[in-house]
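Taken from Swiss-Prot, the feature heme b b562 binding site covers HIS83, HIS182. Look at Swiss-Prot and you will find HIS97, HIS196 tagged as heme b b566 binding site. The ubiquinone binding site feature in Swiss-Prot is assigned to HIS201; the stated evidence is similarity to another entry. The transmembrane segment feature in Swiss-Prot is assigned to 33-53, 77-98, 113-133, 178-198, 226-246, 288-308, 320-340, 347-367.
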Amino acid sequence: MINMRKTHPLLKIINHSFIDLPAPSNISAWWNFGSLLGVCLIIQILTGLFLAMHYTSDTLTAFSSVAHICRDVNHGWLLRNLHANGASMFFMCLFLHVGRGIYYGSYLYKETWNIGVILLLTVMATAFVGYVLPWGQMSFWGATVITNLLSAIPYIGTTLAEWIWGGFAVDKATLTRFFAFHFILPFIIMALAIVHLLFLHETGSNNPSGINPDSDKIPFHPYYTIKDALGFMLLLLMLLLLALFSPDLLGDPDNFSPANPLNTPPHIKPEWYFLFAYAILRSIPNKLGGVLALLASILILLIIPLLHTANQRSMMFRPISQTLFWILTANLITLTWIGGQPVEQPFIIIGQLASMLYFTLILILMPLAGLFENYMLKPKW
């Protein structure tokens with residue numbers, strides 16, 4: 001008798017995706033982040049659902065409803081800390097996942113990559129609207145500054161910004177709709193993640209060497225289920241350490257003050273995971289130029305497959321490209337640091353140089369390195 005998991009219409013899908021899936025035998029821990037992102041999403045949806053049961057999306061009560069959750073709801077403090085720090089873990093895994101894709105040439109699976117970039121944008125949108133909900137000072141002013149960027153769009157900008165706000169400024173209507181967006185978007189992310197996996201399973205996983213692994217595949221279960229389980233344990237350990245020992249480490253002290261439209265905080269800045277893009281936005285002294293640079297800093301990921309010039313897929317055997325990749329990583333860390341600093345010298349010039357280097361590396365230096373490595377590998381006799 002054939003095993004039920006191979007015949008049942010529903011179990012068959014799960015079987016082909018997580019049990020009898022042929023996987024390359026040499027994929028490293030860098031391939032763990034996809035499943036870790038799935039776990040992060042589930043944690044965020046569950047903690048978010050329970051928080052939504054007690055939260056009120058009204059300007060008068062939003063801030064105190066969050067305080068009420070932390071003080072009066074059973075384990076409400078834990079739910080809130082897990083949800084807030086879960087977002088940080090989510091982005092940590094996202095950045096490592098994207099970095100892995102760039103390093104090992106996974107972006108050559110174009111459909112999977114493009115859906116992944118759409119997923120990244122959707123998660124960023126979700127995190128942004130979610131940060132507004134506690135209605136603290138940084139929530140309010142962050143929402144004001146970022147939504148106000150829409151007004152830089154020629155002709156329709158102001159109308160568009162007021163349409164998003166539901167009035168002439170960030171107010172009750174804005175908070176209510178942001179809560180609605182924040183509730184619906186994770187389910188859209190879940191659907192997109194399924195499509196992401198669907199496209200991935202059309203081709204199978206890439207591997208560190210970048211060489212076609214068809215000749216050496218192993219079943220996903222038990223080999224990679226146990227490996228993923230180890231990843232889950234480490235992720236949960238890190239999340240619990242963060243949420244239980246220093247829950248406010250990555251937050252902004254200004255958000256402990258209720259939103260006040262009459263009092264602007266001295267330094268408006270987003271959460272740490274947006275600082276690199278915020279630094280690029282601020283490095284251009286023109287409003288529209290800054291908005292375009294901000295968009296380009298993320299959308300540039302879509303053209304990375306077109307900029308692949310090397311004969312080899314992975315960077316594993318390409319030392320020049322490797323060096324440029326790690327310079328890019330250091331550059332992004334520099335941008336993250338600059339995004340959190342006040343707008344004054346020397347931070348302005350460092351931010352401008354780092355922003356310029358970011359685009360130069362991706363658009364010019366890395367494709368040139370690929371061509372040079374091709375030339376170096378050609379037999380000279």
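Along the chain as shown, the residues are counted starting at 1.
Glycine is no exception: its Cβ is also placed from the backbone N, Cα and C atoms.
Keep in mind it's a predicted model, so treat the numbers as computed, not measured.
Three or more CB pairs closer than 8 A are found between the transmembrane segment (320-340) and the transmembrane segment (347-367), so contact between the two stretches is assigned (pairs 6 or more residues apart). Cβ neighbours within 10 Å of HIS182 (heme b b562 binding site), excluding its own Cβ and spanning all shown chains: 22. For HIS182 (heme b b562 binding site), the nearest of the binding-site residues HIS97, HIS196, HIS201 in terms of C-alpha separation is HIS196. Here the transmembrane segment (288-308) does not lie next to the transmembrane segment (33-53) in space: the count of CB pairs under 8 Å, restricted to residues six or more apart, is fewer than 3. Sequence-distant residue pairs (6 or more apart) of the transmembrane segment (77-98) and the transmembrane segment (178-198) include fewer than 3 whose Cβ atoms are under 8 Å, leaving the two stretches without contact. Of the candidate ranges 113-133, 226-246, 347-367, 113-133 contributes the most Cβ pairs within a distance under 8 Å of the transmembrane segment (178-198). Under 8 Å from some Cβ of the transmembrane segment (113-133) lie the Cβ atoms of residues 55, 57, 62, 66, 87, 90-91, 94, 97-98, 101, 106-107, 139-140, 142-143, 146, 170, 174-175, 178-179, 181-182, 185-186, 188-189, 192-193, 195-196, 199, 270-271, 273-274, 298-299, 301-302, 304-305, all in the same chain and six or more residues away from its ends.
Here the transmembrane segment (226-246) has long-range neighbours at 29, 32-33, 35-36, 39-40, 43, 78, 81-82, 84-86, 88-89, 93, meaning same-chain residues at least 6 beyond its ends whose C-beta is under 8 angstroms from one of its own. The 10 Å shell around the Cβ of HIS97 (heme b b566 binding site) contains 20 further Cβ atoms across the protein chains shown. Annotation for the binding-site residues HIS83, HIS196, HIS201: lowest Cβ count within 10 Å of the residue's own Cβ, HIS201. Between the C-alpha atoms of HIS97 (heme b b566 binding site) and the residue listed as 'ubiquinone binding site', the distance comes to 17 Å. In this structure the C-alpha atoms belonging to HIS201 (ubiquinone binding site) and HIS83 (heme b b562 binding site) are separated by 30 Å. Taking only the Cα positions, the spacing between HIS83 (heme b b562 binding site) and HIS196 (heme b b566 binding site) is 24 angstrom.
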